[in-house]
Amino acid sequence: MNLGGSSQSLLAVSVLFLILTWISTVGRIYVRKFMLNSLATDDYLAAVSLVSFTIFAAFAIQGTRYGLGDFLPHSTPVWVQVAQLKWFLLSTLVYLITISILKVSIGYTLLRFAPTKRYRITIYVCMIVTAIVGIFYFFFLLLECTPTYLFWTTLAQDKNCRDPRIAGGAAYVLSAVNALTDWVFGILPIAIVWKLNMSFWKKTLVSGILALGIAASIATLLRISSIVIFTQPTKDPEPNGIGGIVLWSIIEPGIGLTAISLAAIRPLIATFSSRFRSALSSDQKTEANSRTEIRVRTDFELLEEGADGRSSRNKSSKNVAVSNDAEYDVSESSERGRRPSRVYEPV
């Protein structure tokens with residue numbers, strides 16, 4: 001069927017965040033695996049979150065084929081309404097899996113540089129509460145109708161289905177927990193970073209990137225308004241508010257997964273930028289005779305060093321900062337003994 005305005009928005013947002021999450025997460029894993037050889041639990045969980053988010057977005061995109069996100073007029077065939085509700089339920093179930101795994105991944109990332117027991121306990125509590133609430137609501141929604149297929153075949157009006165307002169109440173609890181943990185995981189890095197031995201600009205940049213997750217809480221709150229519409233009793237059989245729920249459900253983990261990976265890929269971008277600028281400022285002959293080996297340390301490593309009270313200097317190499325974006329360990333070998341034409345500022 002032809003896509004309406006809401007379905008088009010849902011399709012566009014789904015594709016956009018699929019691109020952003022794949023670029024940022026794959027870039028993160030590349031840096032941690034091939035540059036640093038330091039893959040950890042949070043990286044594996046981020047990869048699982050990416051796979052789950054991809055399935056979630058694919059279900060949402062499939063739902064747009066049946067007008068998911070658009071208000072259905074009375075003339076809409078029943079099979080279209082059934083298909084819309086079916087893909088809504090399936091996508092929501094996968095959303096619950098995605099958001100639960102993602103919150104645990106973010107928690108493990110913050111544990112890397114949590115300096116005190118107080119911070120670590122706070123992170124663990126958020127991880128556990130989010131996981132428990134997510135699992136509870138997953139089975140609550142899965143068993144809202146018995147058997148499950150009655151959810152989309154009876155439009156939730158069968159006696160074997162719970163009152164939609166009960167499901168709405170459970171959804172409010174889930175949204176409140178997600179919004180709260182978004183704020184905790186967003187504010188906590190700022191409090192941690194500001195106590196570390198780092199320059200002001202590095203503190204601002206790193207904490208800003210990690211705090212982007214707060215934006216996900218806005219999507220969570222907007223998702224609640226769509227839940228209110230969906231759970232309102234109506235005489236009409238059309239499923240209202242479904243599109244808004246799925247739309248904000250896409251944005252919430254999309255922002256979170258992208259934000260938590262940006263801190264890892266930023267040095268990679270800085271490396272490519274530095275090499276590109278060096279290539280522009282050097283002639284081809286010099287570039288052919290000169291080689292620069294660059295090891296990038298991500299913001300996570302810098303935070304870990306600051307949290308442990310270790311010096312960021314390395315005896316075997318010279319630490320340099322390029323445009324205050326990232327730190328590099330640079331070892332140079334050149335047949336002419338020349339330094340690269342790039343001007344470095346010693347840390």
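In case you wondered, yes, glycine gets a Cβ from its N, Cα and C as well.
The annotation domain 'Rhodopsin' is assigned in TrEMBL to 28-270.
The annotation region 'Disordered' is assigned in TrEMBL to 306-347.
Under the heading transmembrane segment, TrEMBL lists 12-31 (among others).
Long-range neighbours of the transmembrane segment (43-67) within the same chain, counting only residues 6 or more positions beyond its ends whose Cβ lies under 8 Å from a Cβ of the stretch, are 1, 3-4, 7-8, 10-11, 14-15, 17-18, 21-22, 25, 28-29, 32-33, 76, 80, 83-84, 87-88, 90-91, 94-95, 97-98, 101-102, 104-105, 108, 246, 249-250, 253-254, 257, 260-261. Taken from TrEMBL, the feature transmembrane segment covers 43-67 (among others).
The annotation transmembrane segment is assigned in TrEMBL to 87-111 (among others).
The feature transmembrane segment is assigned by TrEMBL to 123-143 (among others). Same-chain residues lying 6 or more positions outside the transmembrane segment (123-143) and placing a CB less than 8 Å from one of its CB atoms are 89, 92-93, 96-97, 99-100, 103-104, 107-108, 110-111, 114, 167, 170-171, 173-174, 177-178, 180-181, 184-185, 188.
Residues or ranges marked as transmembrane segment by TrEMBL: 172-194 (among others).
Here TrEMBL flags 206-230 (among others) as transmembrane segment.
Per TrEMBL, the feature transmembrane segment maps to 242-265 (among others).
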Within-chain partners of the transmembrane segment (12-31) [C-beta distance under 8 Å, separation at least 6 from its ends]: 39, 43, 46-47, 49-50, 53-54, 57, 60-61, 64, 247, 250-251, 254-255, 257-258, 261-262, 264-265, 267-268, 296, 298
Averaged pLDDT, computed only over the residues in the domain 'Rhodopsin' (28-270): 83
